[in-house]
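Noted in TrEMBL for the protein shown:
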BINDING   Q134, C135, Q136, P266, Y267, G268, G269, M270, E271, R563, M564, K565  peptide binding site
BINDING   H295, H299, E318  Zn(2+) binding site
ACT_SITE  E296  active site, proton acceptor
ACT_SITE  Y383  active site, proton donor
DOMAIN    463-607  domain 'Peptidase M1 leukotriene A4 hydrolase/aminopeptidase C-terminal'
Amino acid sequence: MMRCGSVGRIHHESECTTKHLNLSYHVDFERRVLKGKVALTVEVLEDRCSTVTLDTRDLTIFSATANGQSAKFNMGPEHSFLGTPLEITLPFELSRGQQVIVEVAYETAPKATALQWLTPDQTAGKKQPYLFSQCQAIHCRTMIPCQDTPSVKHSYYAQVSVPQELVAVMSAIRDGQAPDPEDSSRLVYRFRQPVAMPSYLIAIVVGALESREIGPRSLVWSEKEFVDKAAFEFSETENMLKTAESLVGPYVWGQYDILVLPPSFPYGGMENPCLTFATPTLLAGDRSLSNVIAHEISHSWTGNLVTNKTWEHFWLNEGHTVYLERMIGRSMESEQFRQFKAMGGWKELQESVKTFGADNPLTNLVPSLQDVNPDDAFSSVPYEKGFALLYHLEELLGGPVVFMGFVKSYIQMFAYGSATTEEWKAYLFTYFQDKVDVLNKVDWNAWMHTPGMPPVKPQYDTTMADSCIALCSKWTKAGEADLGGFTAADLTTLSSHQVIEFLSLLLQEEPLPLTHVKRMQEAYDFNSCINAEIRARWLRLCVKSRWEEAVPKALQMATEQGRMKFTRPLFREVYNFDKFRDEAVRMFKTHRAAMHPVMVDLLSKDLKVDLTSC
């Protein structure tokens with residue numbers, strides 16, 4: 001008897017593979033559950049298959065059928081983060097190449113980690129509830145029984161019943177709406193995603209949403225309080241899409257919409273196909289907005305079209321996406337701008353390596369994730385160590401134009417599928433077969449399988465960074481008598497990108513004396529800055545220098561939005577200030593209910609809080 005499935009094994013070659021999902025959901029805000037049915041079209045890859053095993057976590061399963069016939073099912077042993085395998089016994093045997101439609105009726109749990117249910121108070125409009133999902137890396141199993149692995153890609157169709165005053169959107173093309181035949185107070189929204197994609201890219205949002213057109217294939221969605229501002233901020237979207245297409249070929253997903261989420265969304269962006277999710281911190285005068293959208297647009301090729309086969313190869317998604325994002329920046333701004341952003345990325349990598357520890361195997365480019373929750377491994381390592389490797393290869397192999405040719409060819413080669421590092425490397429050697437001697441000199445083991453910083457530090461052009469470095473040095477060397485020499489004019493020639501870099505450089509140094517940060521506030525008035533990237537770094541700098549007045553501001557920023565990039569470092573900084581350690585823990589416990597489940601889990605580890613006891 002052959003069983004098919006994917007549960008519990010990070011490494012696996014499935015005995016069967018899902019080709020299509022057909023979803024129907026009833027969204028219940030009162031009970032905070034999705035009640036649903038999913039029909040999976042499953043193709044068998046081995047002879048004599050009589051069971052199909054699906055990933056689930058915290059789901060209540062009501063029934064299962066196979067080709068319309070009732071099928072027995074049972075739940076396997078529960079794993080702490082992988083969940084509980086759902087084993088469905090088929091009432092017949094299948095041979096290799098045959099397909100079966102397995103339908104499961106089920107309900108999600110109110111604590112499903114993929115879903116965040118917001119009360120009206122937690123939204124901008126204050127009148128309607130709100131739901132959004134975040135499935136990456138392995139949370140889709142809390143919302144759909146599925147093969148929850150990036151090695152399996154499928155199309156999907158969905159119907160979603162919601163209260164008629166709300167709007168539903170998904171990571172798919174909108175396919176109309178109609179009154180719910182079972183309940184006249186509800187509407188059913190329909191969606192289709194014809195391009196095969198992994199389960200972690202399935203996304204759903206339900207709320208009091210409005211949209212505005214921002215381009216021939218793009219709308220921006222948000223609550224009405226933000227929608228016009230968002231339309232203005234994201235007006236460059238079509239230009240970026242066209243620039244990306246000129247580098248890597250046609251955009252295959254049809255629609256490219258952007259949805260601005262409520263503040264508790266834990267990421268800067270999420271590349272859900274047809275519907276990029278974006279943090280509202282981008283609307284607070286944050287000029288890194290263009291980087292975030294360029295990054296998420298790039299994922300349409302690297303990540304969504306070509307996907308890492310397992311989460312151990314996550315750098316294939318993120319390193320290539322950062323590389324492509326910076327190539328878009330190069331086309332739209334300049335090569336010096338790309339170099340400047342690469343330098344900033346190197347610093348982020350140094351910070352991640354310092355946080356994890358230079359000998360921590362999770363700082364490997366290709367880490368082993370045996371018994372490791374992929375969420376715990378999340379850092380800038382796959383992004384920036386991955387970029388550094390690609391940039392190093394670019395330098396060795398003939399420059400950006402030549403290397404971009406390889407990236408485009410790699411995307412075409414693996415499009416609609418998933419890849420491993422070994423497959424990527426084999427293709428690199430094939431593509432550059434006339435330069436194999438150069439490639440053989442690369443210390444692949446040091447890059448891929450050794451913790452800490454990369455073996456080679458690229459020499460980036462410092463033109464745009466020099467003024468930031470000079471100002472940083474001036475502050476770190478200043479004595480009390482020199483403080484009067486700093487004025488607002490110091491920043492007049494710096495772009496917001498450069499101000500961010502200046503503060504990042506200071507954060508890498510020993511803490512400034514308290515007199516210095518107080519003088520910096522007098523001269524530059526960073527406290528009134530609404531740019532989230534600047535504000536977060538400034539408040540960290542103040543807390544690091546033990547300025548007690550900054551602690552409430554830092555905790556306020558950490559809790560009024562939930563972007564991991566800002567919230568976790570701010571909380572950690574206050575926690576490291578002994579006098580306010582208890583206050584950091586108290587604020588976390590107070591605001592925990594409003595935070596995203598992934599954020600709660602990671603912050604509890606940062607702050608050493610036992611969630612079972614509170």
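Placement of Cβ uses the backbone N, Cα and C atoms for every residue, glycine included.
All TrEMBL annotations are machine predictions without curation.
Features as recorded by TrEMBL, highlighted on the structure.
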{"residue": "Q134", "record": "peptide binding site", "contacts (Cβ under 8 Å, 6+ apart)": "A114, Q116, A203, F265, P266, Y267, M270, F277, H596, V598"}
{"residue": "Q136", "record": "peptide binding site", "contacts (Cβ under 8 Å, 6+ apart)": "Y200, L201, M270"}
{"residue": "G269", "record": "peptide binding site", "contacts (Cβ under 8 Å, 6+ apart)": "T276, F277, A278, T279, V292, I293, H295, E296"}
{"residue": "E271", "record": "peptide binding site", "contacts (Cβ under 8 Å, 6+ apart)": "L201, E296, H299, S300, G303, N304"}
{"residue": "E318", "record": "Zn(2+) binding site", "contacts (Cβ under 8 Å, 6+ apart)": "G303, P382, Y383, G386"}
{"residue": "M564", "record": "peptide binding site", "contacts (Cβ under 8 Å, 6+ apart)": "P266, Y267, F378, V598, M599, L602"}
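Excluding H295, H299, E318 themselves, the residues of that chain whose CB lies within 8 A of the CB mean position for the Zn(2+) site are, in sequence, E271, E296, S298, T302, G303, N317, T321, V322, L324, E325, Y383. Over the domain 'Peptidase M1 leukotriene A4 hydrolase/aminopeptidase C-terminal' (463-607), the average per-residue pLDDT in this prediction is 96. With a 10 A radius on its CB, H299 (Zn(2+) binding site) counts 24 other CB atoms from all the protein chains. The Cβ neighbour count for the residue listed as 'active site, proton donor', using a 10 Å radius and every protein chain shown, is 23. For H295 (Zn(2+) binding site), other Cβ atoms within 10 Å of its Cβ number 24.
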